[in-house]
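Only one structure is covered here, and it is reproduced in the block below.
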């Protein structure tokens with residue numbers, strides 16, 4: 001399934017046009033709420049917004065690259081910079097969504113015990129660990145195994161390959177024999193692990209909702225709030241990481257599905273602000289947490 005270059009260009013441009021204002025508004029809204037009362041959820045939302053804004057800024061260049069059928073339009077030395085700006089948020093976003101889901105689950109399932117550890121300083125530490133983990137893992141994989149890396153033994157610039165047509169390509173002409181295991185390791189640690197955490201927390205939140213005293217309407221809304229993070233992981237970032245697994249299992253699969261996965265991943269900059277903004281506004285799990293906390297106090 002190979003999309004026409006014009007369609008890929010249009011999808012990247014649309015994601016940028018929608019994602020940039022949405023993420024700016026999300027960051028401004030989270031900052032305004034943080035000035036009144038900083039919570040762990042706001043810390044995760046701020047870091048997710050900054051990560052998505054970095055991805056959004058890289059989308060115009062990705063659109064130009066798609067219109068040129070994958071040819072790299074800038075100097076070769078800028079390919080590593082683009083790789084960090086584009087691929088780092090794709091993986092870091094899953095970590096922030098998993099952290100946000102874990103905080104919501106702990107607040108709903110263990111309201112009394114979680115209150116003792118519900119401090120923003122701990123959340124900042126979690127976010128710093130996510131930034132460091134993703135950056136170090138990406139740096140090791142790209143620096144060692146990418147075209148022009150330490151293990152590649154070629155004279156090209158880092159990340160740059162020149163296929164038979166003579167046009168330089170940034171990362172997308174990577175040798176499948178080395179690209180498959182490298183990308184699979186990234187997906188395994190930085191996507192499937194956060195996905196498993198988010199899914200577990202979603203199920204736990206549903207169980208907490210089933211035992212709560214909320215009305216049916218509020219239960220439905222809270223269930224949607226709890227599932228927002230899981231939804232964006234599956235719909236946006238899931239296809240890209242599925243293509244990484246497929247290319248690892250079948251090295252000769254081709255890059256068509258990867259191109260489609262990169263486009264769906266770009267649209268996470270549109271869905272993520274909607275998910276975090278809705279989580280911040282809705283009564284959902286905050287109401288559950290408050291109700292269960294009050295119930296715990298009344299039992300004493």
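In case you wondered, yes, glycine gets a Cβ from its N, Cα and C as well.
Between the listed residues 155, 241, Swiss-Prot assigns N-linked glycosylation site to 155, with no corresponding entry for the rest in that record. Topological domains recorded in Swiss-Prot put residue 8 on the same membrane side as residue 167.
A distance of 11 Å separates the Cα atom of residue 172 (site 'Important for receptor activation') from that of residue 79 (disulfide bond). Over the topological domain 'Cytoplasmic' (280-300), the average per-residue pLDDT in this prediction is 42.
Following the DSSP three-state reduction, the secondary structure of residue 79 (disulfide bond) is helix.
Just so you know, the Cβ of residue 170 (disulfide bond) picks up 28 other Cβ atoms within 10 Å once every protein chain is counted. All protein chains shown were included, and the count of other CB atoms within 10 Å of the CB of residue 79 (disulfide bond) stands at 24. Three or more CB pairs closer than 8 A are found between the transmembrane segment (257-279) and the transmembrane segment (9-31), so contact between the two stretches is assigned (pairs 6 or more residues apart). The 10 Å shell around the Cβ of residue 172 (site 'Important for receptor activation') contains 17 further Cβ atoms across the protein chains shown.
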